[in-house]
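Engineer: Please read through the structure below; I'll follow up with questions.
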Amino acid sequence: MANPQMVQYNVEADTSRASLIQKSFEAREFAYCPYSKFRVGAAVLADDGTIFTGCNVENACYNLGICAERNAISKAVSEGHTHFRAIAIASDLNEEFISPCGGCRQFMREFGDNWGVYLTKADGSCEEKTVGELLPESFGPEDLTKKAHAIQNVF
């Protein structure tokens, strides 16, 4: 795995980052995961400074569950927020940083690829990535406006 990105933070950014991470751990406590027992919490920071939280919610029909990241982002969008600065993700993992599933990576990408993703361990340590680093060569809304070139039939 690549080394974590080293970033210099100012006091305000450090406080915001720490607060966001704390909120993700608080959200983790509400996880409904009777099947996997794998608790996840997320906290997303909107451009205006509002924080929205979410936790994973499982269902006996497994594919109907929702991940914490999508839950937090959906809550933000339902209240009119579509521009984000960062998201923090928390779990009970001790040995490695929690990482969002592929579906959540694509869901986050819908709202841009240059915003922060704070991957944590249960002890609160953090590795920072961007959405673009987690989902390189991604497909986003801007791709829908690109014109396709007609392929000529060579036969």
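Using the three backbone atoms N, Cα and C, a Cβ is placed for every residue, glycine included.
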Engineer: Report the candidate from Cys67, Cys126 that shares the Zn(2+) site with Cys101, Cys104, as recorded in TrEMBL.
Structural biologist: Cys67
Engineer: Check the binding-site residues Val57, Ala60, Cys61, Cys67, Cys101 for other C-beta atoms within 10 angstroms of each C-beta and report the one with the most.
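Structural biologist: The largest 10 Å Cβ neighbour count belongs to Cys67.
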Engineer: For the recorded positions listed here, Glu58, Glu69, which shows the highest count of neighbouring CB atoms within 10 A?
Structural biologist: Glu69
Engineer: What three-state class does DSSP give Val57 (substrate binding site)?
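Structural biologist: For Val57 (substrate binding site) - judged by DSSP and reduced to three states - the answer is strand.
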